[in-house]
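Notes for the one structure printed next.
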Amino acid sequence: VDEPTWERMWRHVGRIHPEGDRVAQRIRGAADLPKIPIPSVPVFQPSTPIPERLEAVQRYIRELQYNHTGTQFFEIKKSRPLTGLMDLAKEMTKEALPIKCLEAVILGIYLTNNMTTLDRFPISFKTHFSGNYFRHIVLGVNFGGRYGALGISRREELMYKAPVFRTLSELIFDFEEAYRRCWHTLKKVKLGHCVSHDPHSVEQIEWKRSILDLDKLTREDFRKELERHARDMRLKIGKGTGPPSPTKDRKKDVSSPQRGQASPSRRNSRGDRRPSGEKKPADSKAMPDLNGYQIRV
């Protein structure tokens, strides 16, 4: 059985505080502490419009608050299958602890799984400020051909974006302008593909379908690559991805359903080559750098 999140936190306090164990026991044993309100997971009526649902999801994520403690309460392994990440999201709603940007993305996927007309995909940013590089991630959304985003950040303008942007490039340019107001220079954007709505899928989230290096792209090329990625996502959704993704119950019965097809995979097509000069890492199961997502803005 996994150790509860609160137990891990108290153990951490015991290590870093001069009288950590004594302080933790004194707090845990106090009977007169005020009751801390726990945010309620949003519940929707079938008639509730998608934009209103997204606002409610973002409000819930915001109510959990940003984690300024320096302690990572939830360990996010990006190589885990979607079903494992959804189990972790359930734990987040149960513990109701402060979160950071990557945790907010996982929670956003979990809370929007029943919105089947909503497309979700990860958007990662790498920026430069005062000699240092910073990383951030949000959950891009597309509803009715309009783009937006869910997430959490120290900065209000770097998380929620209502689905009002006509193109993916307009959304990314809005984030770029927000970074500019924070004196950050956008260096790189990584775009993933659409995430399955099946909470039991054993597929991994594709975090880095397109890696766009702004130092190697003109402004127009950058815009074209963003729209190419948006077009690729529409084609993938329009064509479908073949048989349903394998789940825990049928994992052993499914073996490479796409390999028998004569046409090559789109990933190897010429249209998916990026002029940025960077190649997608070959080992998609490599362990992620968790510290890289602790943005300072």
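First residue shown is number 1, and so on along the chain.
Cβ coordinates are placed from backbone N, Cα and C, and glycine is handled just like the others.
TrEMBL labels come from automatic prediction, so no person has curated them.
Here TrEMBL flags C101 (among others) as active site. The Cβ neighbour count for C101 (active site), using a 10 Å radius over every protein chain in view, is 24.
Taken from TrEMBL, the feature active site covers H136 (among others).
Every protein chain considered, the tally of other Cβ atoms within 10 Å of the Cβ of S153 (active site) stands at 20. What TrEMBL records for S153 (among others) is active site.
Under the heading region 'Disordered', TrEMBL lists 232-297.
If you look up TrEMBL, you'll see 255-266 marked as compositional bias 'Polar residues'.
Summarising the annotation, TrEMBL assigns compositional bias 'Basic and acidic residues' to 269-283.
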CB contacts for H136 (active site) [other CB atoms within 10 A, all chains]: 28
C101 (active site) versus H136 (active site) - Cα distance in angstrom: 7
